[in-house]
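S.K.: Annotated transmembrane segment per TrEMBL: 77-97, 109-132, 144-165, 177-198, 242-260, 317-338, in sequence order.
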Amino acid sequence: MATMVMESIGRVFISLQQIRQVPRLLTEAAPSMPDTVTDSEVPVYFRERYIFTGYRPLEQSWRYYFLSLFQRHNETVNVWTHLLAFLLLLGKLRQLADMVDFSNDTHSWPLLILMLSSLTYSAFSVAAHLLGGKSELFHYLFYFLDYVGVAQYQYGSAVAHFYYAVDETMYRNTQGIFMPAATILSCLSCLGCCYGKYCNHTLPCWVRKVCQVVPSMLGYLWDSSPVAKRLLLWSSDDPAVAYHFGQVGFFLSCAFFFTFPLVERCLPGRCDFVGQSHQMFHVLLSCCTFCQIHASYLDYVHRRQLYSNLHEKGDAALFVGLYMLTLVGCALITAFMLRKVKLVLDFKIKSK
């Protein structure tokens, strides 16, 4: 018995010794990381209002930007908030796959679109905040991808709301126009965000915000109208209503923090690493997404008789097709705007 105890203690001691070596091994495996720089040491288009330090230097190796995931800089929290959300969403998809027959039940496809669009926007957001600091061209490229993620998530929200949360009266009044309009508004949202970023050099900040916020807000008002009507007539025996209230509350909160950099404006220089409004936007948007997914799942389970009677047999496949059309439209918009960016950059190089 004593021998077994001593062997166990020895294994624990060896494990602790190995754990203590981890920091040294990581240091030896990774190259030395350049220090972060101030806002005066990066181009204007990389600077965020009221954020003075913590910028990563440009034109480093890709290895540096990937490893900066573990470095303290002013994008670290933005990266990790959506990276953790992405991992949790993967777990949620795994959980739903055990409960929902996505392969054979066409009524589950809108829920699957919502899940895939949520994973996509969080992944693209991670890429933008992690890798967008390499150069001006890649800055635009990755943030344009981020806007594609936002636009297709906007469509994913629309299809889940229209399929599961809509009532019979609203369905009859908007049948045939709701989802095509959602596709158009998603593409306009992508275009507005890309154009606002493209005009980063020439337009005042408030004009760029209008280009980004107004199309997205119009899309949200349209996409969430079935939920809004549902909440106006809510009843206590509706199992999903609390989560619908939650998603609306979280979205309005995150929209406020996206539009107004209130925290860093009140505390300039104090939020360079933690406490930025955009970080709060990420957290609140993730909470909104999880409330939305759970509300849609509850509607999928408890409102089956209603939506199966409303929607025709081919509606789910049509909405999948419109989702693919949205992705294609956003990709074409991104390619067009990226071409304009490259023309501007080429002109700047020739002018030097």
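FYI, residue positions are counted from 1 along the chain as it appears here.
Glycine too: its Cβ is placed from the backbone N, Cα and C atoms.
Automatic, uncurated: that is what TrEMBL annotation is.
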S.K.: So which of 77-97, 144-165, 177-198, 242-260, 317-338 is most in touch with the transmembrane segment (109-132), counting Cβ pairs under 8 Å?
M.R.: 144-165
S.K.: Would you kindly check 177-198, 242-260, 317-338 and say which stretch has the most C-beta pairs under 8 angstroms to the transmembrane segment (144-165)?
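M.R.: Selected stretch: 177-198, with the most Cβ pairs under 8 Å.
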S.K.: Should anything in the same chain at least six residues away from the transmembrane segment (177-198) have a Cβ under 8 Å from its Cβ atoms, list it; otherwise answer none.
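M.R.: Beyond its ends, the transmembrane segment (177-198) has Cβ neighbours at 140, 143-144, 147-148, 150-152, 154-155, 158-159, 162, 207-212, 214-216, 218-219, 222-223, 318-319, 322, 325-326, 329-330, 333-334, 337, 340-341.
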